[in-house]
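Q: Annotated active site, proton acceptor per TrEMBL: 150, in sequence order. TrEMBL lists 158, 161, 183, 197 with the feature Zn(2+) binding site. The domain 'Deacetylase sirtuin-type' annotation in TrEMBL covers 20-320. For 339-365, the entry in TrEMBL reads region 'Disordered'.
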């Protein structure tokens, strides 16, 4: 099974002298907020851009995004693959896509490992993510810290009987081969006893036409406690997630790390905002007044890939050795976990193939016993028909 691996860490480290470049001033200021102890309740808003270096394409990038790649499936429109009514009628496109996204194939990126590092230092309040790939959890971040706004592949349910379907059953059903997963449980039908369900299984990701998880709305108020907001790898186009950027206090510093400015950061250059340094103390100490000092004083933008931006922050914080050790240990654990899972899947496939072969052989022998020796010139199919007529 092919997997995407992490970038070599040395390729992500800032080159000598770049730390003084104006383009990294925003990252330096964020590092200062963290190292000075002024940022103690950091919240993050994450999008698909943090997973692209893991080999998972984002949705909207021209020529490379998931929606572009779905053209070969002849969908009426790209988003149909995540539309509930379309899934009920035609689930094949979704499961074709799911074989590329299902957990157990990709490794977390350096940006993902930044999350448990913040948590280890007692600085992380909450992570809101649009991603469904579960890489935040695989990087070692406790699930209770994460809000998966659009659900994830972590759990699945049958749409007919609502039975929870565990990961092993989904794997056994052939998700790695892009096969449609159906419920293997039994349901009771009035007057007819139990029979196989066979309903469509759907991972607990939010499709168009479905409501977001209750937990998402329940934890939004925590953003009022945020004293530093990091927005990374998201287009801020999908609501209500995009509105979260405005749920932090009016004086909370906000940094966007992205390939292009989006949302309230659209008018900012990828350099230090005018007046940010001068107004830093004002930003940090005026929250109690409720005075909105404006985005030109608190908002920052760094243009580039998520991993590179995070790597520069790591260097500014002096956390490089700890960061590399965290990634290396995490990668080793996942490699073993993935190898064990592959071995188990292979054993299951061989066992199923052997069982199917035995059944086929037994069936053939049973037919021969019923039919007896074929008459000369008569094939097996005709012999069976003749026996049935008798």
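Glycine is no exception: its Cβ is also placed from the backbone N, Cα and C atoms.
Nobody curates TrEMBL annotations by hand; they come from automatic prediction.
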Q: Among the binding-site residues 161, 183, 197, point out the residue whose Cβ has the most other Cβ atoms within 10 Å, with all shown protein chains included in the count.
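A: Ranked by Cβ atoms within 10 Å, first place goes to 183.
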Q: When a 10 Å sphere is centred on the Cβ of residue 158 (Zn(2+) binding site), how many other Cβ atoms does it contain?
A: 21
Q: Residues other than 158, 161, 183, 197 within 8 Å, Cβ to Cβ centroid, of the Zn(2+) site?
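A: Other same-chain residues with Cβ inside the cutoff are 159, 160, 162, 163, 165, 182, 184, 185, 187, 198, 199, 201.
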Q: Whole-number answer please: how many Å between the C-alpha atoms of residue 197 (Zn(2+) binding site) and the residue listed as 'active site, proton acceptor'?
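A: One finds 27 Å between the Cα atoms of these residues.
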Q: Whole-number Å distance between the CA of residue 158 (Zn(2+) binding site) and the CA of residue 150 (active site, proton acceptor)?
A: 18
Q: Within 10 Å of the Cβ of residue 150 (active site, proton acceptor), how many other Cβ atoms can be counted across all chains shown?
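A: Here the count is 19.
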Q: Expressed to the nearest Å, what is the distance separating residue 161 (Zn(2+) binding site) and residue 150 (active site, proton acceptor) at their Cα atoms?
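A: Per the Cα atoms, residue 161 (Zn(2+) binding site) and residue 150 (active site, proton acceptor) stand 22 Å apart.
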Q: Quick check for the class: what is the C-alpha distance, in angstrom and rounded, between the residue listed as 'active site, proton acceptor' and residue 183 (Zn(2+) binding site)?
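A: The residue listed as 'active site, proton acceptor' and residue 183 (Zn(2+) binding site) have their Cα atoms 23 Å apart.
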